[in-house]
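Chemist: Starting off with a structure, shown below.
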Amino acid sequence: MADTTVEKLATEVGKSVERLIEQFSQAGIKKGQADNVSEAEKQQLLDYLKKQHGGDNAPTKMTLQRKTVSTLSVAGNGGQSKDVKVEVRKTRTFVKRDVSDAVLKAEEEAKAKAEAEAKAKAETEAKAKAEAEAKAKVEAEAKAKAEAEAKAKAKAAAEVKVTKDTSPEAEAARIEAERLKAAQEAATKRKQAEEAAKAAEKARLLAEENSKRWAEEERQRLEAERYSDHHITTSKVARAAEDSSDMDEEKRGRRARNKNTAKTKRGGKDARDGREKHMRNRSTAPESMAHGFNKPVAAVNRDVRIGETVTVAELAHLMAVKATEIIKQMMKMGSMVTINQVLDQETAQLVAEEMGHKVVLIRENELEQQVLSERDEEGGVKLEPRAPVVTIMGHVDHGKTSLLDYIRRAKVAAGEAGGITQHIGAYHVETENGMITFLDTPGHAAFTAMRARGAKATDIVVLVVAADDGVMPQTIEAIQHAKAGNVPLIVAVNKMDKPEADIDRVKSELSQHGVMSEDWGGDNMFAFVSAKTGAGVDDLLEGILLQAEVLELKAVRDGMAAGVVIESQLDKGRGPVATILVQEGTLRQGDIVLCGLEYGKIRAMKDENGRSITEAGPSIPVEILGLSGVPSAGDEATVVRDERKAREVALYRQGKFRDVKLARQQKSKLENMFANMTEGEVKELNIVLKADVQGSLEAITDSLMGLSTDEVKVNIIARGVGALTETDATLAAASNAIMVGFNVRADAQARKTIENESVDLRYYSVIYNLIDEVKAAMTGMLSPEFKQQIIGLAEVRDVFKSPKLGAIAGCMVTEGTIKRSAPIRVLRDNVVIFEGELESLRRFKDDVNEVRNGMECGIGVKNYNDVRVGDQIEVFETVEVARTL
């Protein structure tokens, strides 16, 4: 029998894969989505779920009730017929003998009987041992006495010198002694036999007594099972609901009985007749079967329109019922939900149909699916080989651009010596063995976006490593990107013409990160090239084509095109321009393109050399004009038939993007972190921490980690010494973290990323303020926040000496306004080195209260003379910000 995967098992039981994997983990089994599940693991999970939901004890008796409703047409008065509903109820009871209890009782009986027999045997052996010891003692005394008598006789015989005693008195004494000895032995044996018989009788009586008691207990258990009732539902919630219904029914019967009893307490003959009638009614039918008249209420069946997701409260509003009714219905179906819990479309459909309503399913992206399904591929499934798409990666100054320039000059025709426009970021070259498409993307942003969206636009990664520099941080990052995208990696060792080139060092450093050359037993191809002389470039291209043959890259050439956006920009004269790498089909001028959040009709197409073209096949990069806006790098581009529908899909995607952006703004900030704790799981507050010195960093880290509780955990995902960089901001945005700067500031690139990603950035100068505010956020009782707002920034251009004031900084105000009354900080390389106040603020020898942006001024810092050229003087003010939950 084939093994069942976790994904297939989740489909069978009607649960999500994530929920099933979580239940496997709780049961002590680690599984992934594609892992197989054995029968033993299924049984282990079932036992764990039964234990969690109180389903360990299987029912020994269950009652099934079946109700059938039919309609009978009955002739009425005046020849008119009317429909009468006939309801038939059937009850069947099934009794399951509990074999485990009988086996347990039998084991207990055998154990008790064995214990009784062992006890009796031990007592008998102890008594026999004591008697044997007494007998041995008597025999020893008799033997000693006999020896003494023998010695006395021998002495007497020696004295009288008689060799044989033939006197009758001696013979009689000997015979009497033998008789007494035999009688004593017989009495001892008889006594032992009597004791053994008594012990055996006692053990038999004890076993008989226990057997009667066990039989009585078994009879009582069977009698109790005979009159007991077990429900088929093992869920605690469902049993509680049924028990509550039974109690309500019993209370109604009790109230009816009390009412009848109250009527009969008036005395006399009527009271006696009432009691007799009451007893007769009790004997004939139970109270719950009494007939009554209820005003008929027609059930309203509605058409419920259900989207992809809906909450319990929204579903109740759609069906015009209370939310508690839906919660009860879900409890009967074996699921425990809350009023704000989100239900998937299938679950909501089952609940609505169970409550008698008609369900109309709504697909929110139905139009998008319809537009994409209308794409026909004229070539059918005919696949043809295509050129490989190669991404060049490497550390800065390792010769990546030089290598690309040499390949371009060597492989592009002489008439195209002008080369390509570098901002396009993609081009293809023709070799003797085939065509290769290169992606020249600065950094790894486009590659990461494409990998995250599953576009698989890159087939091979060429890692450029300088032979004289070795592995650097961006080299390691490129290796991680290639491994995460499951893309083959070819290493190009550049700068081989330099005398400092060390091949073994490069191989050794790369092997530490999982990249092994074929010479060392690995599977990564190494090419040793020189972008300056061109040595080894042909070998690199042959290696790329060889790897492409192994991958067997194929694509559909005919039909409507589909691709991915490599780069996009807004040109002042041409409008939105997008560079698209065609992955399948043929892209033609005049096609309607749906590209992420944008759409449009292709007005013009250009290749990487800037020449106009009319069509482009697979693995060909092309520039297109005519989109409604600038798409994002990594968006999928698809050719559709109808421009009106393409516009509707683009508008729908823009609306969804706005919803996602609003949701991202509710990420883990200090103001709403405690509000996110809606479930009983442990929440994490992610923090990116930067400080000015290592000592402060360690102190803050230890203090923050000590704030972790059972409900909230502080997780410092990155920490370091120095200014906040763009890498820190990107990491904080990806992990929903807050950025904390202790006496450091963020640079310009980091501030831009922080603003675009809406990352929460905090500056502190006192460790106690940092700890207290994080603690206040974790407890959910945040006091009003005093925020330091930077109002001006001045750059020191020159330093003058004053006999009265000391060092005077000649500054240019670059941002905001410098005020005399506001406190200041002195920054050197974006690190706070002094915090104080202004002593003097002058402009053209005149004291002024403030100096605005773009003006020069002289600043004297109180109690600080170590001002240097290039320092920054930051002016801030403390403002109170009302905090909302």
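Using the three backbone atoms N, Cα and C, a Cβ is placed for every residue, glycine included.
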Chemist: From 494-497, 518-521, 658-661, 754-757, which range did Swiss-Prot mark with region 'G4'?
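Modeler: Swiss-Prot lists region 'G4' for residues 494-497.
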Chemist: When Swiss-Prot marks a stretch as region 'G3', which of 440-443, 664-667, 708-711 is it?
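Modeler: Checking Swiss-Prot against the ranges 440-443, 664-667, 708-711, the region 'G3' one is 440-443.
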Chemist: When you get a sec, could you say which of 419-423, 584-588, 609-613, 724-728 is annotated region 'G2' by Swiss-Prot?
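Modeler: In Swiss-Prot, residues 419-423 carry the label region 'G2'.
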Chemist: Would you mind pulling the DSSP three-state label for G394 (GTP binding site)?
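Modeler: DSSP assigns G394 (GTP binding site) to strand.
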Chemist: Excluding near sequence neighbours, so keeping only residues 6 or more apart in the same chain, what lies with its CB under 8 A of M496 (GTP binding site)?
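Modeler: A467, F528, V529, S530, A535, G536 - these are the non-local Cβ neighbours of M496 (GTP binding site), listed in sequence order.
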Chemist: Around G394 (GTP binding site), how many other C-beta atoms are within 10 angstroms of its C-beta?
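Modeler: I get 22 for this one.
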Chemist: What same-chain residues, at least 6 away in sequence, bring their CB to under 8 Å of the CB of K400 (GTP binding site)?
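Modeler: Expected: I392, M393, G394, V464, N494.
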